[in-house]
2 protein chains.
Amino acid sequence: MKEQIQKTFEALFALEDIREVLREALPTGPDPAEEQAIREGVARVRAVLDDLEAGTGSPQVTKIAGSLDIRNREEAYINIQPIQAAGRLTLEARKALIAYGDGYSTCDACRKPFRLDQITKPPIAAFHEDLARFLNMDVVRVVPGARRGFQAVASTLVKPGDPVIVSALAHYTEFLAVEGAGGVVKEVSVSKENLVTPDAVAAKIEDVRRETGRTPALAMIDHVDYQFGNVHDVAGIAKVAHQYDVPFLLNGAYTVGTMPVDGRAIGADFVVGSGHKSMASPAPSGVLAATAEWAPRVFRTTAMVGDLTRRKFGVKEVEMLGCTLMGANLIAMMASFPAVRERTLRWDEEVKKSNHFIDGLLAIEGTKVLSEYPRKHTLTKVDTTGSFDTVAATHKRRGFFLSDELSGRGIAGEFAGATRTWKLNTFGLSWKKIRYLTEAFQEIAAKYELNVRTA
Amino acid sequence: MKEQIQKTFEALFALEDIREVLREALPTGPDPAEEQAIREGVARVRAVLDDLEAGTGSPQVTKIAGSLDIRNREEAYINIQPIQAAGRLTLEARKALIAYGDGYSTCDACRKPFRLDQITKPPIAAFHEDLARFLNMDVVRVVPGARRGFQAVASTLVKPGDPVIVSALAHYTEFLAVEGAGGVVKEVSVSKENLVTPDAVAAKIEDVRRETGRTPALAMIDHVDYQFGNVHDVAGIAKVAHQYDVPFLLNGAYTVGTMPVDGRAIGADFVVGSGHKSMASPAPSGVLAATAEWAPRVFRTTAMVGDLTRRKFGVKEVEMLGCTLMGANLIAMMASFPAVRERTLRWDEEVKKSNHFIDGLLAIEGTKVLSEYPRKHTLTKVDTTGSFDTVAATHKRRGFFLSDELSGRGIAGEFAGATRTWKLNTFGLSWKKIRYLTEAFQEIAAKYELNVRTA
């Protein structure tokens, strides 16, 4: 298959060569030399297609711009990398990237009032409405990454010295957003099951009020945390936060775009999602949604007036820095959206596949799962200290033996060399791949004489 | 040519269909049904190639994801849109986008200390060094757009109430960055030639000190402004700023990636560039560079410690929010970089072409150029009130007559309907296109009986 993959890339690149000739041609059409170049280009694509079909041919192109390998991780491997799974592009997103890669490609028909979210061609304005409905929130903006959502909200609500509630499992970007605004993170403890509970949030808010005399300016809690992939009771947490008059930001980096997220039902004041983590979009991309109550604050428009020219840019939003996610990333996000929306409805099946694989891994004696179990998400932390790590202890490649074995079976994305605690993500893998993956791990176990219980 | 362009896209898309089959296949290779799908896919590409070569065939694909037109502005038209010209992707960037579109595609080999700018495979760390050398600055980071550079610097240096020097031609994103930090913009007046002079900057700093009792926290001046495309004496301005101990940020959105920019020679403390505006990169992308003196402040690492877990994320930079431009945009920026670096050395030729076209436009009686003249840049503001607008006055399509005429000649990117003052950008057009463009405008003028002086 390696040959077919390589030849597919070569054919795509050879077509881009032809496209470049067309870009150089005058609107009146290619001149004779350009026509000749196109004919030669077509002949090259045809030759590549012959190889593609036959599964033959040695690589003719190995680098892009002289320094970049052709990345084929999603074609040549089953990728279980914890942060990459749900950011894999859809077919339509890849086509969109081809057509909209150029810089300001979204801005061809930008008209008054000159703001990205109001452009109707391509249908960016309608996409914003769709996204708001999808999250059941009132107002959304696209942003270059979830972290920009945290930053915008923290910058709006958090004043120097303000305490902000996060959890002991919070992502580092929440720390940075609070720090940037001059606030101080206050971590909620987790239960022994590594869950953030409403009671623990209430207790922390009480503690903070007692210690600092201030009510937290904001609570940011991960719907599903990055460390265990556990699903936390965010609706319960939102309720508690509101009892103390603390606005609640839902960090949906691992949920918006993978599982159903109903911001209103959860009671979130803000919902943040990640395009490149969970919405099948290129990085950086993301979404920030707010309720009608909070939107005017986080999406406030500029009030600055030039002292000399009296210029005002009244429609531009301060925290968004005006337009946000112009170009290829937004268009790819839009192209993926119909598939992304639909896949959240099949979340139960993703959870089933996750459990199928984890059960297969647990059948290898000595293996433990550190995440909640049965799994409710596709991101899982496992502990193979009692299984694969016992092999690593005496293997000349140490922990890399497992990477070697996986790689040899066309599996990528484990943390190379790690055989104790590590994370993986099965999101989006077909049943066929889930079974192959499960068998591969059991096969490796058996090869190194670990006991594998049969189902 | 329209057919050839359309068929090129269709062939690219049909290859992505094949790629999708390969993505669904197991690492052991396609199963019989998948092999069949690949064969059928190849046959479809071949049929499309026949049409491409012959210039025949009606469009088979008109939408991506059901809602997005196939954008062919760079293939079917000569694009003179003021902000798009230098953000057009290079051939290598388009290939890179194809291979690296998936979410976290840059992160396959992310190892300790887990920060984007230190990844060596793909060679992101080396690219950062190249970029620093290119700008002759000490430290650079990639960012999602120039505006994020302004924001990071303003957030670091500007305290509430601080005055910040900008010019009367400043871009609105500078206003927003200052406002976000709680500062107040103070605009430097322009000369009657629409130039920002060192003397005017000095006078403004004096005024501000007198009025507010404070020294400005920062001066941000556009190397080339977005309104006229005039080249300002930024070295002189930097010198003046430093005489008053005001740090100087060079806004190189229209210069970094198009003309030589030597940050050290200019005396900039910070240089900001735009990937999608001037570095042949997808949006959003950009660069923020600093001197060794300022880098530790704007790129300071986090000091926040979890109160419960004692977690620290010490290597992550607060203003950068950790990693910045992961994914496709960075890789495309890297793929374009060798060509971008090289093209800045041919800047004189770009200026020649700009003047050739503007001279051709000025030959149409009644036409004026509002930018400095002769042109020193490719972005130009023209005034056709005395020429094309006299036609619009009685034409049933009003100002759109010009758009119609241009569009009919395969020219796009003028501000639709505008026949008084408007902007255009000739960056990157070949001499062949420049001549075609010049003739097209003169031809339209002649058609409507405007006088055209012969050279």
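Residue numbering: from 1, along the chain as shown.
Any Cβ shown, glycine's included, is placed from N, Cα and C.
According to DSSP, A:Asn251 (pyridoxal 5'-phosphate binding site) is assigned to a strand segment. Sequence annotations record features per position, and here TrEMBL assigns pyridoxal 5'-phosphate binding site to A:Ala146, A:Arg147, A:Asn251, A:Ser274, A:Gly275, A:His276.
Residues or ranges marked as domain 'Aminotransferase class V' by TrEMBL: A:124-382. Each residue in the domain 'Aminotransferase class V' (A:124-382) has a pLDDT score, and their mean in this model is 98.
The number of other CB atoms found within 10 A of the CB of A:Lys277 (N6-(pyridoxal phosphate)lysine), across every protein chain shown, is 30. According to DSSP, A:Lys277 (N6-(pyridoxal phosphate)lysine) sits within a helical segment. Annotated N6-(pyridoxal phosphate)lysine per TrEMBL: A:Lys277, in sequence order.
Chain B has a C-beta under 8 angstroms from the C-beta of A:Lys277, taken from the recorded positions A:Ala146, A:Asn251, A:Lys277.
Residues A:Ala146, A:Arg147, A:Asn251, A:Ser274, A:Gly275, A:His276, recorded as binding pyridoxal 5'-phosphate, reach a greatest CA to CA spacing of 14 Å.
Taking all protein chains in view, 31 other C-beta atoms sit within 10 angstroms of the C-beta of A:Ser274 (pyridoxal 5'-phosphate binding site).
Neighbour counts of Cβ atoms within 10 Å were compared for the binding-site residues A:Arg147, A:His276, and the top value is held by A:His276. Of all the Cβ atoms in the protein chains shown, 34 others lie within 10 Å of the Cβ of A:Gly275 (pyridoxal 5'-phosphate binding site). A helical conformation is recorded for A:Arg147 (pyridoxal 5'-phosphate binding site) in the three-state DSSP classification. Around A:Asn251 (pyridoxal 5'-phosphate binding site), the C-beta neighbours below 8 angstroms that are at least 6 residues distant in the chain are A:Ala146, A:Phe150, A:Ala170, A:His171, A:Glu174, A:Met220, A:Ile221, A:Asp222, A:His223, A:Val272. In sequence order, A:Gly145, A:Gly149, A:Ala253, A:Val272, A:Gly273, A:Lys277, A:Ser278, A:Pro284, A:Ser285, A:Gly286 are the same-chain residues whose CB sits within 8 A of the CB centroid of A:Ala146, A:Arg147, A:Asn251, A:Ser274, A:Gly275, A:His276, the residues recorded for pyridoxal 5'-phosphate being left out. Note on A:Ala146 (pyridoxal 5'-phosphate binding site): other Cβ atoms within 10 Å of its Cβ, all shown chains, come to 30. A separation of roughly 12 Å, to the nearest angstrom, links the Cα atoms of A:Arg147 (pyridoxal 5'-phosphate binding site) and A:Lys277 (N6-(pyridoxal phosphate)lysine).
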